[in-house]
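Working notes, structure below.
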């Protein structure tokens, strides 16, 4: 139960020391040093000796292997070592020393979603992209479950010749042509890369699981489970346990993945916002894009509050979470005849249809309101339906366990106001339904209106076709971007609510079956959807850069739900740019976007100079000596979106697009009206006569009249006979 609640929705970044570290006084530091000469850099043994030379004189030669836990080659010039504070001070005096930072511990942040995203077998984009055949997706996670049917290598090609990875399973577990690499990077653990938590198995199968018939949870959501890129290869790098994910281990895994030859990196984990030179995911991701490796990462699960994002660097695709159109419906039926639809994956056929006494202990006890462990013991809930509030730092499944332990017959889980109307189909331990905020308030009002409230739960099973999808989940972290306000984040949203995918064990306590699946939610689930889609795009367009692929995903994103109305948030209000980014991913459109915005490595360096970072700190990120002789502001980066702070003076920004659509084509600009801002684009028409031809345009922003909102949003779109290329705009008015 604990594993499910930890990984279904990740919580805040945590910092802690292990027991061993406390007892020895040593802590893990990530040490950055100057680059040695090329000869030393090219020889692994010489590089190790160079790193060892930075250790304090008090560290004897025999201690070195136990002190240095990771040596970095691609993502950083430096190493991770166990050191005391005094030893770090001694190292700071050495020539070539740059910095030493304490490791941070980060948190982990489909039978139907391929079809929901327009992917169908033997036709369309899936067929055109060859299902991602030959692309290698590297995932940094809790490990993987070899032998699960989702990781069968039926119809899989052999790994590409470039692959240099390792398989470190023990016993009878092995790699195959689907799982082509699996390694453990949790320092000091000595465990194989098998998955004890479930999170890594779930994300890996979401990204690239093979076709598995009759996948379901408790008989619900039944269908063929398959990942986004079913013919892509998987490489798992185990960096997380139930204690979290050390960024020193993450950096080591990124280092290895780059050397192994992955094509896509998928990171369903993150922490707080930091300057990029303190953010080891940003540092490792930059090393990856230097090699043409795409990096996709989850936005975080701290929504709907603003500025709660993780993974904000512009060279990372930052992914928020959306709903899809399938629900596993469980309806709360009240004694007054009112009914309120909710969700639950556990739907027992033998639950009686009779109404039972209904109670809400939270009226008099806050702990009991959240149904924390033991909080119901002083209440008479035996044989009753118990209302529990969502939140209170108590996992949803823990709440149902509390009700069961106290003798309750069923649970109605009610959202708080901040949660809005989004619900989850969890595998509860007793009959239950999860209802939205409005329904929860009506149910509590009914309880207060009568001395004998009663309720039951009517289980309706799996229903597909909810037209209000996609919508933004309440937990999905929101912008604005704190680390770089001039870059819109998240970049994109994708399915992350009630995602069915592979699981190491049966959640139904069944034995003798390997068809083990679970339904969980989080931006951790959205990220591998996008990682798999990126694998499809890499297969279809092997010459596209990471920035070009990101541009294609963003500029082709959907703005509407299945009803043709604007995408909504958890309050059923139109979602803003800080919730959706560019919009909801549309894989088929992304494969043929018409125009792309590309970015070169030098552009990123000028952008980092424009952030005002010290040259030494930029060098840590980009792994080369930097002289900031020229710089650009954030809004001048050739990004597929705009985020500006606009005062009284007009601001002008240029963008350059590359034609990847019809060779001969003409695009005309359309400007969505933005309150308080006049937007002018010149030229208003772009004409192309050949493929890969480039064109540059300028956008002018000017305040116009009074404004009531500090943040306003809009968009510019370039339209031809075949394409619409859209860039969202955020303006902060001052």
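A Cβ is built for glycine as well, from the same backbone N, Cα and C atoms used for every other residue.
For 141, 199, 524, the entry in Swiss-Prot reads active site, charge relay system. Summarising the annotation, Swiss-Prot assigns domain 'Inhibitor I9' to 28-109. Per Swiss-Prot, the feature domain 'Peptidase S8' maps to 114-591. Per Swiss-Prot, domain 'PA' is recorded for 357-442. Marked as N-linked glycosylation site by Swiss-Prot: 172, 222, 306, 448, 509, 652. If you look up Swiss-Prot, you'll see 1-20 marked as signal peptide.
A map of Swiss-Prot features onto the structure.
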residue : record                           : Cβ within 10 Å
141     : active site, charge relay system : 30
172     : N-linked glycosylation site      : 7
199     : active site, charge relay system : 30
222     : N-linked glycosylation site      : 17
306     : N-linked glycosylation site      : 15
448     : N-linked glycosylation site      : 9
524     : active site, charge relay system : 33
652     : N-linked glycosylation site      : 13
Report task. State the three-class DSSP label for residue 524 (active site, charge relay system), counting H, G and I as helix, E and B as strand, and everything else as coil. Result -> helix
Report task. Report, in whole Å, the straight Cα-to-Cα distance of residue 199 (active site, charge relay system) from residue 448 (N-linked glycosylation site). Result -> 41
Report summary line: Smallest Cα-Cα separation from residue 141 (active site, charge relay system) among the recorded positions 172, 199, 222, 652 is shown by 199
Query raised in the report: Quick one: DSSP breakdown of the domain 'Inhibitor I9' (28-109) into helix, strand and coil?
Result: 28 helix, 27 strand, 27 coil
Query - Candidates 172, 199, 222, 306, 652 (recorded positions) with Cα within 10 Å of residue 524 (active site, charge relay system) - result: 199
Requested in this report: Using C-alpha atoms only, work out the spacing between residue 199 (active site, charge relay system) and residue 222 (N-linked glycosylation site) and round it to an integer in Å.
Outcome: 21
Query - residue 199 (active site, charge relay system): secondary structure state under DSSP, collapsed to three categories - result: helix
Report summary line: Comparing the Cα of residue 306 (N-linked glycosylation site) with the Cα atoms of the glycosylation sites 172, 222, 652, the shortest distance belongs to 652
Report task. Take the domain 'Inhibitor I9' (28-109) and average the pLDDT across it for me. Result -> 87
Report summary line: Integer Å value for the Cα distance linking residue 222 (N-linked glycosylation site) with residue 652 (N-linked glycosylation site) is 53
Report summary line: Students should find that the Cα atoms of residue 172 (N-linked glycosylation site) and residue 652 (N-linked glycosylation site) sit apart, in Å rounded to an integer, by 62
**Report entry** Residue distribution over DSSP helix, strand and coil in the domain 'PA' (357-442)
**Finding:** 26 helix, 17 strand, 43 coil
